[in-house]
Amino acid sequence: MIDKQGNVPLLLSTIPPNRSQRRLAGWVLAILVIALVVTAPFSRIRLAETAPLLLAYAAAVLFVEVLTAALLLSLFAIQKSRAVLVLSAGYLFSGLLVIPWALTFPGIFTAFGLDAGLQSTAAIAAVRRLSFPVFVLAYAALKDQEDLALWPRASIRTVIAAQVLLIAGLAAGLTWTIIQADQLPTFMVDARDVAPLWRYVPAAAIGLYLVGLVVLWLRRQSTLDLWLMIVLCTLVIEIALLSYLGGGARLSVGWWAGRLYGLASASMVLLVLLSETATLQARLARSIHSERLARESRLTAMEALSASIAHEISQPLASMVTNANAGLRWLDKEIPRIVEAQAALERVVRDGHRARDVVDGIRQLFRKGTQDRTSVDMNSLIKDVLRRSADEARFGRVSVESDLDPNLPLATGSPLQLQQVISNLVANAVDATSAVTGRPRIVRIITRLRASREILVSVEDSGPGIADTLKDRIFEPFFSTKPDGMGMGLMFSRSVVESHGGKLWVEDTVTSGAIFRFTLPCSDWTGASDTELRQ
């Protein structure tokens, strides 16, 4: 995701540092200062026979700075930031210059005939020392001048390859120029001690580091800015140990301590980049997982909605087909029975409107926001449902009885949705009871007013009942105990009842069968609001 400024908000170069990161940076800087204080008294002690360790140091710095440059280039490929591109060039240039610096160091490869002169190593070190803060200043200057249009998608690889070749060529050309030069500034008196002219190099470097610190402080916006400031502070400590506290003498305690500080400064951004990369990878994995769950949830909701519509309109559609066929039979008689055919067609129209209302009711159930609610006479709804399901009950040889409380108060809700709930429960009861043998097939519907001012509706059947292990699962979407069931009727019914502030559950009868009960608040109930009930 890219913001209005073209930044990817979760990248190291764009995300602002949090409190824990600032605290960690402060602790790192404090530890470095404490180490400086501990090392300072011993800085001028010469360490003999430590020159071979220089190759291990150079290899470590080369590896760290080139790897840091590679990670910054990958960051550039995502963000397309010129500032990050310039910073990666600084790390790459600094890392590549370590190679000629180590190869020309006095006494290391002299036995192999490689002798570039006394001043070459110092000249390369001076260029490396002064160039890095210049790249950091360029990074800070370009931070607020991003232009994504300059980096078309197809040219990113070309830009990266061109920069790597340019920096490598620049480092190689500079090294060749220094080695082949007849006259170089006199930076060294001998292989270990610096000349007075060298004093200007650390002073200029410290000045550039301090300028970089000020610029980054004024423009600090990201975690990368914070750690670059720590890097510059570390480089200031390194210069202090190498050129001042250690007296500028090579291979002394202060000189080696400064080198360790240099390695630490080179490693800081790398470690932060690796840490943030791992964090971003974990965050991305969680995001992908959450998105997959959300997508599956949306698909399930769509399947539930479509299945609910198919389930609920199957009855009016079947009735429409039956009435339409009846109308055709009345018209096909030798003497057409116009009145009967007209009555059948009117029932088709009525069932068509009913199917439309069913769809609208389901849409309202799944739609956010306030639903239309009116006063509902539950006894009237039950009588209407029993009248519609009379043929089905008669076909299954099921006796349907009702025990309706004549003093039942009105409920508040959607008449169509509540009618569908009753229709589903009665249809399920008739279907379960029609397969019973050896005892009466009875479905009984009862309404009562509870002491809590709730309307209780019970649909009792003498069917085989429901196993205890299935009593919770029967309300899940797409779960059905019937071979040809869709598993949506009870889920829809519970959703409707709960959206009306009631509760739907199932119990066993005393002998056999099951009782489905649901409650609804009365219309004069002054408890929770409609919005609260739906929540």
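Numbering starts at 1 and runs along the chain as displayed.
Cβ from N, Cα, C; glycine included.
The annotation domain 'Histidine kinase' is assigned in TrEMBL to 308-524.
Feature annotation from TrEMBL assigns transmembrane segment to 24-42 (among others). Counting residues 6+ beyond its ends, the transmembrane segment (24-42) has Cβ neighbours under 8 Å at 17, 226-227, 229-230, 233-234, 237, 240-241, 245, 253-254, 257, 261, 264, 268 in the same chain.
Annotated transmembrane segment per TrEMBL: 54-76 (among others), in sequence order.
Per TrEMBL, transmembrane segment is recorded for 83-103 (among others).
The transmembrane segment annotation in TrEMBL covers 123-142 (among others).
Cβ atoms under 8 Å from those of the transmembrane segment (154-179) belong to residues 73, 76-77, 80, 85, 88-89, 92-93, 96-97, 100, 104, 116-117, 120, 123-124, 127 of the same chain, restricted to positions at least 6 beyond its ends. Annotated transmembrane segment per TrEMBL: 154-179 (among others), in sequence order.
Remote same-chain residues near the transmembrane segment (199-219) are listed as 125-126, 129-130, 133-134, 136-137, 140-141, 143-144, 187, 225, 228-229, 232-233, 235-236, 239, 242-244, 248 (criterion: CB distance under 8 Å, separation of at least six residues from the stretch ends). Residues annotated as transmembrane segment in TrEMBL: 199-219 (among others).
The annotation transmembrane segment is assigned in TrEMBL to 226-247 (among others).
As annotated by TrEMBL, transmembrane segment applies to 253-274 (among others). Residues of the same chain lying 6 or more positions beyond the ends of the transmembrane segment (253-274) and with a Cβ under 8 Å from any Cβ of it are 12, 28, 32, 35, 39-40, 42-45, 47, 50, 53, 57, 60-61, 64-65, 67-68, 71-72, 75, 91, 94-95, 223-224, 227-228, 230-231, 234-235, 237-242, 245-247.
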